Every structure is written in C-alpha cells, then in structure tokens.
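Chemist: Okay, handing you the structure first.
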Amino acid sequence: MVKGIFITATGTDIGKTYITALIVKKLREFNINCGYYKAALSGAERIDGKLIAGDANYVYNIADIKGDPNDAVSYIFEQAVSPHLAAKLNNVEISMEKIKKDFSYIKNKHDYITVEGSGGIICPISMGKEKIMLENIIKSFKLPAIVVADAGLGTINSTILTLQYIKEKNISVKMILLNNYNHEDIIHIENKRYLSDNLPIPVYTCNKNSNNLEIPAEKLIEYYEEI
C-alpha cells in the first residue's frame, strides 16, 4: 500500500517547494522510493517554446528523481497567478477526474508520495465548470498534511489561523515546519516556543538555505499515511 502526505503552507512563497524537495530527498537517501506530485502549477518558465514546471523541476533535481518533471504536474500555467485565474486566462477547464488520474499514475510508481499544494491552504484551483478548492484535492486523496510556515514575525497568527481552517475541513495535520529559522533570532526562538507550547502537534525548524532537514527519515515516514 502506498503512503502519502500533503505539503501546504500559511501563504504563498513560504518555501513549500524547498521543504518538499528536502523531505523527498531525505527519504530517497534513506532508500525509500518516494515520488512527487502537484495538481496545478503557475509561473512556469517557457524554454524553447515549452513550459517547464519549475517547482517539479526543482524537486526532481534536489531529490534526484529520474524522468520528466512535467509528468508530475497535471496543469502547468505560465502566468504567476492563482491556478483558477491562470486556467481562466488560458481557457482551460481544470478537471478533478484528470487530477485523480494523474495522481494515481504517479502514486502507483512509488511506495511513498509527497504532494505539494499551490499557494496557501485557501487556494481556488478551479472556478470554472468545476469548483475545486485545494482542500477538495487533499480530502479526495485522503492525505494528512504538513504545514510550512515562515519562522519570522507574524507566524503565530498565520499558523494558528491556517490550522483552524484545516481543522474545519477535517484534515489531519501531522506537524508544523518553521522555514528560514535562525537559532540566534529571539523572534524565531519565541515563535517556536509559543507554537510548541500551545499546539498538540510537533513543531520543527529548517535553517535558511539548509540543504538538509534535521528531522530523521525514520520520524518523517511516521507522518505518511496509507492511501
């Protein structure tokens, strides 16, 4: 049985792709066949006339996954806007059926699958014929989540609000990961202490520009669930 997890965040440009890549890299270095999938990607780069799914390409490079990164993304858009707006601008109808089919294909090639979200947890994927929010994908895949948050000022508010929204949607959260953490920054230190003391889930940190997660692979795989 394949096991999976979903990586979401408190907002855009928090570092989901960076953290996702480090998680997949850690597991693959532990000889675990871990793959990657993303339903919709915006802000793709066009090279020689072809759109390149930058987030997937980054994860594939860091985690040493073979193959075409574009195969790990169902919908790829050039405009750096929300997926629902990108789809509208390109006259594309996003389909949950295609997302499920593509996810199933990628999932069945691996023992573990790490799914990256788009933007923060409240992200419209499609407002066309099908109304699809990010949480619809998470629940459809039956995945627990990891929430990536910035370690700096304001993260207590954004993290707790994100967790409240996720709880309302009946999605399980396994841990919080504070990105861009500085062990000498009093704000970062206090944010971690407060969240650790007031949340029922573990709070981990990742130093800025780190090439490795300090979380052991054995601990990471405990957060993945059978899907």
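Backbone N, Cα and C atoms are what each Cβ position is placed from, and that goes for glycine too.
From Swiss-Prot, here are the annotated features:
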type     : residues                                                              : note
ACT_SITE : K38                                                                   : active site
BINDING  : D13, I14, G15, K16, T17, Y18, D55, E116, G117, S118, G119, N179, N180 : ATP binding site
BINDING  : T17, D55, E116                                                        : Mg(2+) binding site
BINDING  : S42                                                                   : substrate binding site
Chemist: Neighbour count, 10 Å Cβ-Cβ cut-off, for T17 (ATP binding site): what number do you get?
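Modeler: Summing over all protein chains shown, T17 (ATP binding site) has 23 other Cβ atoms within 10 Å.
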Chemist: Name, in the order they occur in the sequence, the residues of the same chain whose CB lies under 8 A from the CB of S42 (substrate binding site) and which sit 6 or more residues away.
Modeler: F77, E78, Q79, A80, V81, S82, P83, A86, S118
Chemist: How big is the gap, in Å, between the Cα of G117 (ATP binding site) and that of the residue listed as 'active site', rounded to a whole number?
Modeler: 6
Chemist: Determine, to the nearest whole angstrom, how far the Cα atom of D55 (ATP binding site) is from the Cα atom of K38 (active site).
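Modeler: Answer for this pair: 9 Å between alpha carbons.
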Chemist: With DSSP assignments reduced to helix, strand and coil, which class does E116 (Mg(2+) binding site) get?
Modeler: strand
Chemist: Could you state the whole-number distance in Å separating the C-alpha atoms of G119 (ATP binding site) and K38 (active site)?
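Modeler: On Cα coordinates alone, these residues lie 12 Å apart.
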Chemist: Between N180 (ATP binding site) and E116 (Mg(2+) binding site), what C-alpha distance do you get in Å?
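Modeler: The Cα atom of N180 (ATP binding site) is 19 Å away from the Cα atom of E116 (Mg(2+) binding site).
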